[in-house]
């Protein structure tokens, strides 16, 4: 009876939190300590919650390539400063790409040098992805590809930025028939002059879910036929997957051998434009009806479309760019030198082109489409 009374008294006494912890510890410590082999414990990168040591300012992050670059930087645990000129709601899709507090959004003015300095002052990596498909009354190609990159490179140099990465184009040349490619060539020269150790990336035409390459040709279905200069038999293209480009840029931020080099990012295969467009229409299960159109007529049509106050369907400059063959930059390092294996077009094109199919063919297998013929020149 006494024991029972004592038991009731003990239960009635309130136990503090330290007493509970001590009691629990005494129970678990009495058992033998369990040894775990190190192979059982998970290892690897910490992902978005890790700290990569990279503090990167990404200009042009709201564009096609920018969202992939921000995602790869966030995945490796980098802090990313995102200058933006658009409405704040147009940046919402980027907010999920980094851990809490790792993405910093900063409104900036491309013609205000103080806002550029503010965007790069705390970064050790600056990436310029700014680009434009057509000219506007506010920004022409010289502003977009020459003046703004030069101002960003100058501000980065003054701020002591360790790495400056500038994205150009594979076909950038002073002798190009396309004004945008001539401007990009001048921009490369200006960036290299201001920031000699800059890393210059020259990707070919990029394809991906939101691209203006595969989607552009697929949208020709609305015109019932596809106009091509010389039917596309004189143009060779080597498109590259956008995720490969962004992964290469992310790897360049950490690769010590990349400083001061120019890289050419291309896909693994080269295609005649005719066979490439034929493959696009085959993937969408649409009838491919090509017809030859003289270059000067096509350029004149592009000039008319370029007069639109809205986003133009095509422009004179785009007509020129489409029909310029991709150079074979065998003398420049590529994606493989940054640890990236280029992805074939045939593996990822369905992600872009499925939405152009009718309901009847929406779920058909990609194996039903014959791959595009490749060339070696």
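Each residue, glycine too, has its Cβ placed from N, Cα and C.
Copied over from Swiss-Prot:
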MOD_RES   175  N6-succinyllysine
MOD_RES   189  N6-acetyllysine
MOD_RES   370  N6-acetyllysine
TRANSIT   1-35  transit peptide
Cα separation, residue 175 (N6-succinyllysine) to residue 370 (N6-acetyllysine) (Å, whole number): 37
Rounded distance in angstrom between the Cα atoms of residue 175 (N6-succinyllysine) and residue 189 (N6-acetyllysine): 14
Largest tally of Cβ atoms lying within 10 Å of a Cβ, found at which of the modified residues 175, 189, 370: 189
